[in-house]
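Notes follow once the structure below has been shown.
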Amino acid sequence: MKPPIVLAAFGTSTRAKAAYDVIDAAYREAFPGHEILWAYTSRTVASKVNKRSDEQKLHPEDVMEMLAGQGREWAVVQSLHLAWGHEFFRLKDDVQHEKVRASMGLPLLTSPEDCMEVAEDLARFFDSPQDEAQVFVGHGTDHPAWAMFTAMGSILKDMYGDRAFMGVLEEGYPDRDVLISKLLAQGYKKARLIPFLLVSGMHFAKDLAGKKDSWKIKMEEAGIQATPENIGLGQSPAVVRMFVRHTQKALDLIPLK
């Protein structure tokens, strides 16, 4: 019996469904014969979704316990995080089980090659007028993995020039105020706000495009016309193929019987 594949996401509102459906379909095509399961690392979000849905969302610990009850010995647990920060290592701890061993699929961005591949996929955003800045906004973290966002910003500028910017919503650098200062210093009056997130969920609706204290509002107060782009990385076929490749590497580590 082939090892099951557990796709581990943070979990979010129904706004995530489009991205999750793309990922799920790609995995079922790429790994025929493997059971594809989903796990949600946020118990709070899973609980809210479970209250309004017949389909129960399980935490990674619960999925591993279920697999143990089925007599499984191995599973691939594929992190759907972008970087290996706090959430990834928490997931790694959560799936440790005395009966079922987990082979971890690494997050999206774990090497310079990963970063460059994603940057190449973002070329589609640079067909806009030259006077419009392209501002990619990630979540951010206080884990040492925060440097990944800085690396991505550097790679994007190398590929696409001074129109490319990378910022973060929360912990890390550069934050919203720093980013706005950079845009003004370069004379930009127009910017497109692009979520550098797996799904375009609440962070997009509230933090980027919201009507109160959002990136859009603050940019416009500074004299920059901001256009939010409502799409997450998880809807990109190229990004999904990268996750699939990481999963295959994790599968290859499982000893054959």
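Just so you know, glycine gets a Cβ as well, placed from its N, Cα and C.
Curation does not apply to TrEMBL; its annotations are automatic.
As given in TrEMBL:
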ACT_SITE  His139  active site, proton acceptor
BINDING   His139, Glu171, His203  Co(2+) binding site
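Distance noted between the C-alpha atoms of the residue listed as 'active site, proton acceptor' and His203 (Co(2+) binding site) is 8 Å. Summarising the environment of His203 (Co(2+) binding site), the number of other Cβ atoms within 10 Å of its Cβ, over all protein chains shown, is 21. Non-local neighbourhood of Glu171 (Co(2+) binding site): Gly140, Thr141, Asp142, Trp146, each in the same chain, at least six residues away, with C-beta under 8 Å from its C-beta. Counting every protein chain shown, the Cβ of His139 (active site, proton acceptor) has 22 other Cβ atoms within 10 Å. Following the DSSP three-state reduction, the secondary structure of His139 (active site, proton acceptor) is coil. Listed in sequence order, the residues Gly138, Gly140, Thr141, Val168, Leu169, Glu170, Gly172, Leu197, Asp207 complete the 8 Å Cβ shell around the Co(2+) site centroid, once His139, Glu171, His203 themselves are left out.
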